[in-house]
Ligand code: SF4
């Protein structure tokens with residue numbers, strides 16, 4: 001076993017297997033097997049995070065790239081990512097790392113203290129956990145975020161929000177801002193297109209709001225997947241009815257990627273229609289992205 005591996009939080013022994021309790025997939029993982037996110041493995045009856053301390057990407061980004069439009073504009077952040085994702089979106093822009101197993105991509109050796117020191121050395125006021133699904137490398141995210149807060153550095157989570165309630169509530173006090181994808185407002189689409197479910201994502205939005213994290217939402221508009229006006233109306237109404245009318249909403253344009261290279265970019269009139277619908281339904285801060 002690699003000595004760098006970190007035993008996971010949030011799992012139970014289940015006979016010869018382990019049951020991960022980090023996300024709603026609840027993977028039952030046999031000896032020597034990894035969970036669906038590929039970053040958590042049963043070794044000798046214990047669940048280990050394979051990627052702890054091994055980010056595959058480290059970059060200096062403008063905060064607007066996350067995207068965050070209404071939180072510390074004009075500042076920059078240290079973006080980090082490890083391999084791993086618990087969704088299977090065929091349009092993923094970062095599939096090279098999100099859908100890779102640990103070891104398939106080059107990675108760094110960086111403890112949480114190293115990441116905090118890097119942010120300080122480069123005078124970056126914020127660390128962003130981003131590019132893949134940070135919640136699947138929860139132990140590294142949590143350790144880094146707590147140390148960052150001790151050092152007076154902000155933490156930003158960029159995520160699809162498909163996580164169980166207990167880990168999210170544990171992490172939220174250390175988050176300053178989050179951008180969460182709301183990929184559609186259809187459980188069927190979440191199940192078949194993203195290999196996830198809608199309800200846990202909605203719960204994540206409400207918990208982050210309740211716990212005082214600055215929240216922005218991203219909806220990537222994909223022709224034929226989430227361009228239905230009725231579905232969009234339900235989404236915007238849900239936001240308003242749940243106190244999220246003031247939450248900045250980023251409607252971003254799809255471009256062909258990963259398994260959807262043959263699809264067309266979102267027509268601009270679809271973008272404008274969604275923007276008009278959101279505003280008509282009372283969403284106050286709507287931003288169009290990638291246009
Ligand atoms: S975090 Fe990974 S291993 Fe755990 S339940 Fe989710 S997909 Fe499975």
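Placed from the backbone N, Cα and C atoms, the Cβ positions cover glycine too.
The domain 'Radical SAM core' annotation in TrEMBL covers 70-288.
In the three-state DSSP assignment, the secondary structure recorded for residue 85 ([4Fe-4S] cluster binding site) is coil. The annotation [4Fe-4S] cluster binding site is assigned in TrEMBL to 85, 89, 92.
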Calculate the per-residue pLDDT averaged over the domain 'Radical SAM core' (70-288) and state the result as an integer.
97
Residue with minimal Cβ packing [other Cβ atoms within 10 Å] among the binding-site residues 85, 89, 92:
92
Cβ-centroid neighbours of [4Fe-4S] cluster site 85, 89, 92, 8 Å, sequence order:
87, 88, 90, 91, 94, 95, 98, 99, 133, 160, 194, 258
